[in-house]
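Annotation source Swiss-Prot lists topological domain 'Cytoplasmic' at 1-106, 164-178, 222-234, 292-363, 419-426, 481-492, 547-602. Under the heading transmembrane segment, Swiss-Prot lists 107-127, 143-163, 179-199, 201-221, 235-255, 271-291, 364-384, 398-418, 427-447, 460-480, 493-513, 526-546. The topological domain 'Extracellular' annotation in Swiss-Prot covers 128-142, 256-270, 385-397, 448-459, 514-525. Residues or ranges marked as region 'Disordered' in Swiss-Prot: 580-602. What Swiss-Prot lists as compositional bias 'Basic and acidic residues' is 582-595.
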Amino acid sequence: MKNLSFLINRRKENTSDSNVYPGKAKSHEPSWIEMDDQTKKDGLDIVHVEFSPDTRAPSDSNKVITEIFDATEDAKEADESERGMPLATALNTYPKAAAWSLLVSTTLIMEGYDTAILGAFYALPIFQRKFGSQNDKTGEWEISASWQIGLTLCYMAGEIVGLQLTGPSVDLVGNRYTLIIALFFLAAFTFILYFCNSLGMIAVGQALCGMPWGCFQCLTVSYASEICPLALRYYLTTYSNLCWLFGQLFAAGIMKNSQKKYADSELGYKLPFALQWILPVPLALGIFFAPESPWWLVKKGRFDEARRSLRRTLSGKGPEKEILVTLEVDKIKVTIDKEKRLTSKEGSYSDCFEDKINRRRTRITCLCWAGQATCGSILIGYSTYFYEKAGVSTEMSFTFSIIQYCLGICATFLSWWASKYFGRYDLYAFGLAFQTIVFFIIGGLGCSSTHGSKMGSGSLLMAVAFFYNLGIAPVVFRLVSEMPSSRLRTKTIILARNTYNVVSIICSVLILYQLNSKKWNWGAKSGFFWGVLCFCTLIWAVVDLPETAGKTFVEINELFKLGVSARKFKSTKVDPFVVKNPPKDVSHNDPKGDIEASIAEE
């Protein structure tokens, strides 16, 4: 933290002389604060203080003024320190915050795991014979396209319901208890999947399990963004993508084992379902002891608890730690107060579309996450099935899937390095551009029936997975946590994830029709379709997606308020803590309200 000793001394001076505003004349008490006329002309953000006698009690308004301006100075100091904090310093100062964020994000492993095994089941022989039908022409067993679509719709519908339930639950009990409740229900609903004897039971189980998965999707991102400083936010929000990949890799390994050892046994699909019981209990215990988000606590007016929560995320002890806590709480309060000045109501879903600023932020957040589906990533989730339909053997299809997820994990780690040199928009747009080219090549290879073209299309899909996890996938988790206002962050993320789910449903239906031999049977030629859709997503990103790298939440708020265009976000500099229009008269009964209003208006 920059110049902590100065802040400590400033607070001591304020305590010893509460009637004097730091750095101003001591002879009289200010009765109004206004900008100097020449300063206004010059455009300089300097506060000029006029003094005159006041008939009121000598200390009350001065004390309030000092407190308000000190809080704003503290908020600005915290914001500047956060923006300039190196990664090593952030890890040394906030190691506990990083650890708690990693713990909460680990819940996404279960969603990545289960959604991956569902797609892999369609290529598993025992699952095909148990729940599928035989193709009269080829003699092969296959799950019908209608059931594949139905199962996909069930878990995505469950996620949509779960996301909608997450909003009011967080408002009521907070992030921690909402996650614990979701983990409990996930463990309970897994029994339905384990004891399934029909596709109908699997559909019910998937729909019910989808509800806690929806909760995980929202809260892992919002919790990581609110508990960690700017220097760590990219790494810890994109860790959500790593958890997805860990779950998918785990699923690919289990499914390859099932394909080899349990090809003719019900354990081939029961064992993968049973392994979902491993994580809920230890994760629930860990989350119970985790600190609540200080942003949520401040919004609820529980400032002492917010300070305790922040202390649990910081290393060290003594006055410097307490100053860090005070600065951070003041910054959160100023940010939330500025947002509250825009509306007198508690944040609701309708507020996400209430005015031009929030409509823009909501639109960008929703379309940014929807881009994960329209770029063709849903095809990666059905990779084993895709490889098989492209002409690759069943065993090699499972092997390709394992390699694909390993490449994705390596790519996500590489994105952490790339984030030092490239912005969020740069990585997002680069990923879209590369995938557009590769999908067209895959489509072209699909026009040939040679063995080399089949292996080539499979290899290129692995390349798509690599660059998707280098650019688009991890960056989205960061962007969707930065675009919304803090007051509406949880609700905006819920709307965005539901947008993604709806778009994913449409994309999944299209993919299953494209790959199923009884429907369109496009095989690798489906790459042409996804190349076009990916290119359309790239055009949107160029026009509408701002660059937020290196910007704090307060700066992003100000940039949206000023209506800065997407491509000018990166170069535009703002100072959201400057007081440009302080009240001209603080001699009435509520000087605090007027000064807060003048600060909030900026």
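Cβ coordinates are placed from backbone N, Cα and C, and glycine is handled just like the others.
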Interface-richest range of 107-127, 235-255, 398-418 toward the transmembrane segment (201-221), CB pairs under 8 Å: 107-127
Surrounding residues of the transmembrane segment (271-291) on its own chain - C-beta under 8 Å, 6+ positions past either end: 100, 103-104, 106-107, 109-110, 113-114, 117, 176, 179-180, 183-184, 186-187, 190, 193-194, 196, 227, 250-251, 254-255, 258, 262, 308-310, 312-313
Contact ranking winner - 143-163, 235-255, 398-418, 493-513, 526-546 against the transmembrane segment (179-199), Cβ under 8 Å: 143-163
Highest-contact recorded stretch vs the transmembrane segment (427-447), from 364-384, 398-418, 493-513, 526-546, CB pairs under 8 Å: 526-546
Stretch among 107-127, 143-163, 364-384, 526-546 sharing the most Cβ pairs under 8 Å with the transmembrane segment (493-513): 364-384
Per-state residue totals over the topological domain 'Extracellular' (448-459) - DSSP helix, strand, coil: 9 helix, 0 strand, 3 coil
Selection from 235-255, 398-418, 460-480, 526-546, the stretch that has most Cβ pairs under 8 A to the transmembrane segment (364-384): 460-480
Residues from the same chain, set at least six apart from the ends of the topological domain 'Cytoplasmic' (419-426), whose C-beta lies under 8 A from its own: 234-235, 238, 475, 478-479, 482, 541, 545-550, 566, 570
Distal contacts, the topological domain 'Extracellular' (256-270) - CB-CB under 8 A, six or more residues away: 121, 124-127, 130, 194, 394-395, 398-399, 401-402
Proximity verdict for the transmembrane segment (235-255) and the transmembrane segment (526-546), three or more C-beta pairs under 8 Å: no
Summary of DSSP states over the topological domain 'Extracellular' (514-525), given as helix, strand and coil counts: 5 helix, 0 strand, 7 coil
Segment-level pLDDT (mean, integer) for the topological domain 'Extracellular' (448-459): 80
Same-chain residues near the topological domain 'Extracellular' (385-397), Cβ under 8 Å, at least 6 residues beyond its ends: 119-120, 122-123, 125, 259-260, 379, 446, 449, 451, 454-455, 457-458, 461, 515-517, 521, 523-524
Same-chain residues near the topological domain 'Cytoplasmic' (164-178), Cβ under 8 Å, at least 6 residues beyond its ends: 104, 211, 214-215, 218-219, 222-223, 287-288, 290, 292-293, 296, 349, 490-491, 494, 498
